[in-house]
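Engineer: Quick one: this structure, given as structure tokens, is what I'll be asking you about.
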Amino acid sequence: MATILYDADANLELIRHKQVAIIGYGSQGHAHALNLRDSGCNVVVGLPENSKSRERARQDGWSPVLPEEAAARAQVIMLLVPDQHQGQVYTQSIKPSLTEGKLLLIAHGFSLQYGQIVPPDNIDVAMVAPNGPGAQLRHMYSIGSGIPALWTIYQDVTGQARELTLSYAQALGCTRAGVIQTTLSEETETDLFAEQVVLCGGLTSLIRTAFETLVEAGYQPEVAYTCCLQEVKLIADLLYKGGIHFMHNSISDTAEFGDYVTGPRIIDEHTREKMRETLRDIQDGSFARNWILENQAGQPTLRAMRRKDATHQIETVGNK
Ligand code: NAD
Ligand code: MG
Ligand code: MG
Ligand code: MG
Ligand code: MG
Ligand code: MG
């Protein structure tokens, strides 16, 4: 069973006495920086000179410095740049100033798990991975609550890594909701699996294929859009609130019966085997290798897919 820790298990004072660097000011970066500031921490934001995020950071009251300067000043460094750039940012801007005993933090295990970052053995390394987008992390904190997070200690040379990492998680507001101890590979592999199979890849393919099936059969695209895409939010809210059985209690008996008889026809043993294959590709590094090579090649596949994505009929109908 998972160990879940809360505010009472952490000591906010520890992180308040350190200089923290937040590298990157995107979805996660802005939420980490603002939550930490509101928790009474000393934060410096690190961004390249030409970064588009500089303006947003300035509007939020920061005076961003270069990533290498932020990393040099800080004792705790949270790396919140896109996963595919982390290896390069780490090597160029972080590594040179990783003096003994500093704490390097990440919010997702990809770059460490797949060897894009290889930290020296005289620093602490840990992960605090919030279970949600930055906007939600910030919003929940600002109403006095928080979102859960996964955390793990990758390397502890000071003997303080655990306490300091939990203190960081408290400053983020995550110990208000509960933080679950994990391992680097568990967080990395389950996060990639869930976004590919359920949250992003699975869901969008399910919606698009259902939309296309209705339109092909002659139904109005606007009607197909509403019932196959927009209503997902209503069901997702029920699932978020109380789980599957709770959702079943809230829908009509007709919808519930249709769920039981048709769900397993759509997601069948063939799909289960595909899920296992997907998991194997994540575990053995095949997916990571593809994604790393894709970036080295200048993202040709990502760009082509994005263009195709944007021009699908479901977008035209949705915009209308
Ligand atoms: P993002 O794309 O929203 O923001 C990235 C930030 O990094 C931007 O401010 C960008 O300007 C900056 N940046 C880009 N290249 C840079 C460089 N070379 N040097 C310095 N800064 C650079 O990214 P994000 O979604 O916040 O992801 C950051 C990390 O958080 C990733 O490891 C991601 O897996 C993790 N994470 C994201 C979410 C989420 O929902 N977005 C949730 C949990 C964890
Ligand atoms: Mg994006
Ligand atoms: Mg995640
Ligand atoms: Mg992810
Ligand atoms: Mg019912
Ligand atoms: Mg209905």
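Heads up, the Cβ atoms here are built off N, Cα and C, so glycines get one too.
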Engineer: According to TrEMBL, Y25, G26, S27, Q28, S51, S53 bind NADP(+); which one of G134, G144, G146 is annotated to that same site?
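Structural biologist: Record check against TrEMBL: NADP(+) site with Y25, G26, S27, Q28, S51, S53, extra candidate from G134, G144, G146 is G134.
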Engineer: Nearest to H108 (active site) by Cα distance: which of the binding-site residues S27, Q28, D191, E231, S252 is it?
Structural biologist: D191
Engineer: If you run the three-state DSSP split on D191 (Mg(2+) 2 binding site), which class comes out?
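Structural biologist: Looking at the DSSP assignment, D191 (Mg(2+) 2 binding site) belongs to a helix.
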Engineer: C-alpha of G26 (NADP(+) binding site) to C-alpha of D191 (Mg(2+) 2 binding site): distance in Å?
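Structural biologist: Their Cα atoms are separated by 19 Å.
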Engineer: What whole-number Å value do you get for the CA-CA distance of S27 (NADP(+) binding site) and D191 (Mg(2+) 2 binding site)?
Structural biologist: 17
Engineer: Between the Cα atoms of E231 (Mg(2+) 2 binding site) and S252 (substrate binding site), find the distance and write it as a whole number of Å.
Structural biologist: 14
